[in-house]
Amino acid sequence: MELHITPALALLREHHLLDHVSNLTDFTATSVSYDSRKVKSGTLFFCKGNFLPKYLASAKEKGAIAYVAEKEYPEGEGLPAIIVNDEQKAMSLLGAAFYGYPQNDLFIIAITGTKGKTTTAYFADHILAQSTADHIALFSTLDRILGNKPEDKFKSDLTTPESLDLFHDMRVAVDNGMTHLVMEVSSQAYKKNRIYGLKYDVGIFLNISPDHIGRNEHPTFADYLHCKEQLLVNSAKCLINAETEKFTDVYYTAKATTQPEDIFLFARRGANIELPDNAQIDFEYRNDLEDLHESEFELTALTEKAKQLNLDGRYKTSVPGDYNEGNAVAAIIASGLAGASANDAVETLNHVHIRGRMEMINSNTHGTIYVDYAHNYASLKRLLAFLKRQTNAGKVTVVLGATGDKGISRRPGFGKALTEEQPDEVILTTDDPGFEDPMTIAREIDSYIDHDKVKHIQFEMDRETAIKKAIDGSENDDIVVLAGKGEDPYQKVNGEDVPYPTDVKIARDYINELER
């Protein structure tokens, strides 16, 4: 891989990003990096994010050939300085160019939504693995899968990687023979221009509800919605859950850049939806069976363009929850648009396991434990409502906390969800407190709970102890919900990632200890 200065500057000019160049020489970069620790001879270095000038000095010492920044730095004296008006946009464009535009060799399905992205991504990944004979890459909150060998599978750091990492991983996937990619796209990826210039074959919009609003994230819900909608603007075909909040706004955003024949809408049968203009629901689904182990639903095409995909049928999923049926429907339709058949979905959906998403742990005498990433009002409410419908006897205990430094709206949201669904017991605990006091966060959540409806609330800031307390207090017919962290193997505390065994491991180990 390499990038010559002449086409690089032309690309920046084309997108009106180039301000000026100092110390221009004729060079070809043989490496790109925003991390000074990874710089080697011939590297084009990007000064981004929480940049400190000493990083540029280090990059220069290690052999950086030039740097890209929004201003010149004395530490880069003597190096060609490519000065741009938006560092993140420039890095995305030049990263794609350096890696030879690998996105052009992939059929890309991109997924956004406040909740359900990871579940939908795994459903689609399994369907397409069947239809493409395992030529499918996956970029999710949990994993980055670039090929079929063990060394091609990694745990993810971000829902959507930094642009240089994203295009590097796409290049590796293409070189490994992958033909399709399923990727989650976060609102922050658009807010921070990590994916500027990237286009998708199919863009899925699952839902939107208040989340990620606060300092260090989105200043308003309108900004959050706008960033989510950018996925549709950049997709050749758009697939929208018509039951989402702000549906009319979302639909018109898609329609502004996409022909009506390339917009597909789906909804649960009987859903109360106001359709704008001449919009039609293309697919509807209805639940046939739901329990604590699986869901079964029927999918029906209603329009001619939908019928051409031949996806009508009955499907089972191994991930329980009626709300996950909508995620499965999105995956089925998107995979159909990528060439998969109904049979590909039928054969795979009932064998999908997603770590930390409705993960069930059985015990002999301490009830059933569910570990789920539910981390906002909408996801917690839907999870508790589903479990209550499935529970004929016994109590429900919820263990949760809220993150510090961001997502402030989650705290009243948790209080509201708990008040509405009225679990029998709640243990408020720690969940990535950052630079905030976890007890202060817990008491803020508690302040939004109606104590006439939720009477039994405890505070236990050691999350492992909180989980053990919940299990200790449960009997055979009870349910314990461990919400918010899923499979996260760390707690973010005072700027550090402190290792954490994961909710799943703590629960399993403790049950084994109690029942051996």
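Glycine residues also receive a Cβ, built from the backbone N, Cα and C atoms like all the rest.
Following the DSSP three-state reduction, the secondary structure of Thr119 (ATP binding site) is helix. In sequence order, Val319, Asn324, Asn327, Ile354, Arg357 are the residues near Thr119 (ATP binding site), counting only same-chain partners six or more apart with C-beta under 8 A. Taken from Swiss-Prot, the feature ATP binding site covers Gly113, Thr114, Lys115, Gly116, Lys117, Thr118, Thr119.
What Swiss-Prot records for Lys228 is N6-carboxylysine, and it gives sequence analysis as the kind of evidence. Same-chain residues at least 6 positions away in sequence with a Cβ under 8 Å from that of Lys228 (N6-carboxylysine) are, in sequence order, Thr112, Gly113, Thr114, Ser187, Tyr190, Phe205, Ile208. DSSP assigns Lys228 (N6-carboxylysine) to a helix in the three-state reduction.
Over all protein chains present, the Cβ of Lys115 (ATP binding site) has 24 other Cβ atoms lying within 10 Å. DSSP gives Thr114 (ATP binding site) a coil state; it is part of no helix or strand. Residues near Gly116 (ATP binding site) in space but far in sequence (CB under 8 A, at least 6 apart, same chain), listed by position: Leu206, Asn207, Tyr323, Asn324, Gly326, Asn327, Ala330.
Within the same chain, residues at least 6 positions away in sequence whose Cβ sits under 8 Å from that of Lys117 (ATP binding site) are Ile111, Ser140, Thr141, Thr159, Glu184, Val185, Ser186, Leu206. Taking the mean position of the Cβ atoms of Gly113, Thr114, Lys115, Gly116, Lys117, Thr118, Thr119 as the ATP site, the remaining residues of that chain whose Cβ falls within 8 Å of it are Ile111, Thr120, Leu206, Asn207, Asn327, Ser379. The Cβ neighbour count for Thr118 (ATP binding site), using a 10 Å radius over every protein chain in view, is 25.
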